[in-house]
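Asker: I am attaching a structure below and will ask some questions about it afterwards.
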Amino acid sequence: MIANEYRYHMTQTVAQLITLLDPKKSMNVNIFMKQFKMPNSEVVEKIKLGDYELIGQEKLLGLLKILPASDEGKYSGDAQGFKISSLLKLVDTKANRARVTLLHYIVEEIVGQDQNVLDFVQHLGPILKAISRISLDQQEVEIRQIKGKVEAIEKRISNSNPEVKEQYSSYITSVTEQIQELLSLYSSVKSDSEKMAEFFCEEVKKFDVDEFFGNLNTFLEKVIQCKKDNEQRKIQEERALKRKQAQEAEMARRKSLDPSGSSGTPKNSLQRVKENDVCLVDLLLNEIRQGTSLKTRKMPRSVATIS
């Protein structure tokens with residue numbers, strides 16, 4: 001299965017690549033730990049139990065000196081998280097099998113624990129798809145363009161006669177209020193996007209909320225596709241297994257009908273004739289060697305028919 005392949009692959013990768021300490025620090029720790037003459041896990045348990053006979057004050061102080069500090073042993077480049085855009089790279093991490101990725105494995109593991117865990121994707125997907133089509137910056141540009149046009153109209157009306165002012169003043173006031181509501185809403189969304197950037201450890205100044213929702217929408221679409229792929233692959237594997245079992249059962253049945261161990265394929269008449277020919281010739285040669293007088297013998301039925 002996908003899970004087993006990835007466990008093996010990731011185990012081998014981790015064993016080969018990941019080292020938490022630099023070579024010098026690692027050597028010092030190993031030299032120090034050898035004096036206990038027991039597995040490291042047992043040493044840890046002794047420390048937890050406060051075994052003073054094994055680990056006295058002197059050894060404990062020595063251990064504290066060589067242990068890595070809080071800023072050591074990092075292999076993630078001092079990273080504290082990952083960007084949402086990095087989720088899309090899960091599809092680029094391939095397995096040993098064709099068209100299987102790390103995301104397929106993750107989805108398989110999640111669904112294996114809870115069949116309904118991805119139901120939220122079906123509800124959230126359409127919302128994200130709609131949001132990802134909206135450009136927040138473009139919305140601001142359009143709102144300000146409308147505001148500019150309304151202000152220009154308002155200025156022209158203000159220079160018109162009282163009758164025109166009275167006719168359009170209430171309309172201009174209503175439109176101006178709506179524009180202010182839109183600008184206020186935009187400011188609120190902009191503030192929320194900055195909070196979102198901080199929450200997801202993004203750089204606020206470089207954070208593009210449109211790109212963020214677009215990446216999230218694309219990722220959820222790929223999750224859904226991986227789930228479908230896994231389901232289809234499972235069906236195909238089950239069908240292949242059934243075919244194999246059926247073939248094995250048929251071979252076993254044929255073997256039971258033919259205890260001699262042959263393939264079970266029925267022999268045609270030509271094969272039977274050839275076998276009879278061999279048997280007759282062998283019989284004649286054997287009698288000639290023994291000096292037995294040859295008498296007219298009744299030939300096998302199949303041979304007589306052919307002759």
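Using N, Cα and C of the backbone, Cβ positions are placed for all residues, glycine too.
For 1-249, the entry in TrEMBL reads domain 'FH2'. Residues or ranges marked as region 'Disordered' by TrEMBL: 241-270. Feature annotation from TrEMBL assigns compositional bias 'Basic and acidic residues' to 241-257. The feature compositional bias 'Polar residues' is assigned by TrEMBL to 259-270.
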Asker: Using DSSP, how many residues of the compositional bias 'Basic and acidic residues' (241-257) fall into helix, strand and coil, respectively?
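Answerer: Helix (H, G, I), strand (E, B), coil: 17 helix, 0 strand, 0 coil.
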Asker: Summarise the model confidence on the domain 'FH2' (1-249) as a single mean pLDDT, whole number.
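Answerer: Overall, the domain 'FH2' (1-249) comes to a mean pLDDT of 80.
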